[in-house]
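Student: Under the heading transmembrane segment, TrEMBL lists 6-24, 71-89. Annotation comment: TrEMBL describes 82-264 as domain 'SMP-LTD'. According to TrEMBL, the domain 'C2' annotation covers 258-379, 432-550.
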Amino acid sequence: MGFIVGVVIGLLVGIAIIIGFVKLENSRSKLRSELANTVAAFARMTVEDSRKLLPPEFYPSWVVFSERQKLRLILVVALAFYLLQLTWLNHHLTKIWPYVDEAASELIKASVEPVLEQYRPAIVASLTFSKLTLGTVAPQFTGVSIIDGDKNGMTMELDMQWDGNPNIVLGVKTLVGVSLPIQVKNIGFTGVFRLIFRPLVEDFPCFGAVSVSLREKKKLDFTLKVVGGDISAIPGLSEAIEETIRDAVEDSITWPVRKVIPIIPGDYSDLELKPVGMLEVKLVQAKNLTNKDLVGKSDPFAKMFIRPLREKTKRSKTINNDLNPIWNEHFEFVVEDASTQHLVVRIYDDEGVQASELIGCAQIRLCELEPGKVKDVWLKLVKDLEIQRDTKNRGEVHLELLYVPYGSGNGIVNPFVTSSMTSLERVLKNDTTDEENASSRKRKDVIVRGVLSVTVISAEEIPIQDLMGKADPYVVLSMKKSGAKSKTRVVNDSLNPVWNQTFDFVVEDGLHDMLVLEVWDHDTFGKDYIGRCILTLTRVIMEEEYKDWYPLDESKTGKLQLHLKWMAQSIYRDS
């Protein structure tokens with residue numbers, strides 16, 4: 001009897017569960033249907049529909065929207081509604097990942113292979129994809145933010161993390177004819193993708209195109225393995241392939257490079273990556289560099305770049321056996337986004353045939369530069385730009401920077417003018433008549449020649465040199481290229497001397513010369529070195545006249561007050 005009762009109860013419970021499950025599924029199906037209808041209705045909604053839902057008479061008195069602001073509001077609300085629900089986004093991305101894998105694999109192969117070929121190492125004859133699938137593990141979005149400030153569009157940034165299991169095999173053929181299948185394994189990636197919805201339009205989805213770019217690459221780790229072999233059998237191959245992959249990532253999708261995806265048919269060529277200006281950099285000097293050599297001193301040289309690509313990286317000459325090198329070298333860099341890009345400087349110790357050793361690095365944001373104005377900076381060197389807490393003194397590097405935007409129309413000379421002059425020389429060229437007639441005359445290069453007038457006004461906080469707690473300072477002035485020298489009188493028993501002496505120097509090439517001021521302590525039977533200042537002439541050529549204080553290098557204390565004046569006399573040489 002008990003068995004029969006148990007069976008009946010079990011059947012009733014089972015039927016109840018089945019009924020409940022069916023009702024639940026019907027309810028979820030109804031909700032999905034309603035959501036689909038809502039999304040479909042939203043897709044059909046126009047700007048006029050949004051005005052009907054929220055008429056202007058219901059706006060607060062302080063709210064006044066332009067047509068473009070209304071479009072932005074609709075777009076922000078839509079993006080926030082869907083993308084801020086990261087759990088929902090990640091869940092559905094996992095579901096559709098197999099289809100994304102199938103579509104994206106071919107797209108990546110077609111777009112990245114030409115870049116791999118472009119950066120192919122010299123020891124490799126060909127480099128292609130043998131296999132490429134993204135695997136079964138979908139990336140996860142961990143954060144989302146909307147950046148305001150663009151009147152004609154909307155910018156969104158998505159934090160993404162991917163520890164995937166892709167199947168990527170590179171077909172590598174060496175110069176000696178050996179073919180090697182190299183597998184890219186254990187990929188770990190963390191970064192921030194930038195999506196720019198632009199331009200805003202009145203038709204749904206309220207934007208004409210979306211630009212996709214990797215704004216920040218926080219981590220990109222992977223390992224290389226020869227299928228059925230050892231990659232270390234060919235010395236240098238692993239490092240060369242790894243550098244090629246990183247260059248390909250940098251050049252194909254890393255900001256400011258972007259992929260423009262049209263949503264509504266139209267011409268979006270203005271969204272493509274274009275140069276916006278030229279950065280003129282003068283590598284002046286460095287001081288107090290860390291010594292990397294056990295015998296003697298380091299042999300420093302510098303590498304500089306805005307985008308870390310081999311052909312866009314500039315290298316200075318090597319200064320042998322010197323921890324306070326003076327380069328006075330000039331370089332030009334193309335700027336593609338002055339608001340987000342940086343200039344990076346790395347100082348190395350040249351080890352000859354061996355790999356160079358990093359002494360330190362520094363960077364400066366281009367948005368800190370005022371267009372058309374020379375900026376003179378000393379940058380503190382650190383071990384790693386990603387590590388903020390670096391207390392070790394690795395030295396400093398001295399740069400002179402000038403950013404010249406293209407087509408500025410604000411008095412800065414257009415650098416697109418066909419000429420062999422640098423942008424800095426073009427800025428300094430003020431002969432508009434010659435520029436207008438440049439197409440009908442033989443091209444000429446400008447030599448910035450003139451007279452430099454230097455007034456050594458005073459000094460303060462000169463370090464004590466004598467037993468009596470005083471010093472007898474004087475200043476020796478010299479031009480780096482011409483070797484012309486002058487010196488002030490000696491001011492006895494003073495740590496804050498006043499000279500007010502003026503010296504004139506005829507300068508033949510102002511853009512590439514330097515003024516060196518050395519402070520000495522006069523003694524009866526000799527002299528003692530105190531410190532020095534090294535100045536380029538760019539600022540005084542640009543501003544014509546200025547007065548400023550300069551700290552003494554190689555001295556714990558002390559600074560010089562100088563007044564500089566430039567009287568230009570430009571001449572030209574045929575080229």
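Every residue gets a Cβ built from N, Cα and C, even glycine.
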Student: Going by DSSP, how much of the domain 'C2' (432-550) is helix, how much is strand and how much is coil, in residues?
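Tutor: Summed over the domain 'C2' (432-550), the classes give 17 helix, 62 strand, 40 coil.
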Student: Can you give me the average pLDDT across the domain 'C2' (432-550), rounded to a whole number?
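Tutor: Averaged over the domain 'C2' (432-550), per-residue pLDDT gives 82.
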Student: When secondary structure is assigned with DSSP, how many helix, strand and coil residues does the domain 'C2' (258-379) contain?
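Tutor: Across the domain 'C2' (258-379), DSSP assigns the residues as follows: 9 helix, 55 strand, 58 coil.
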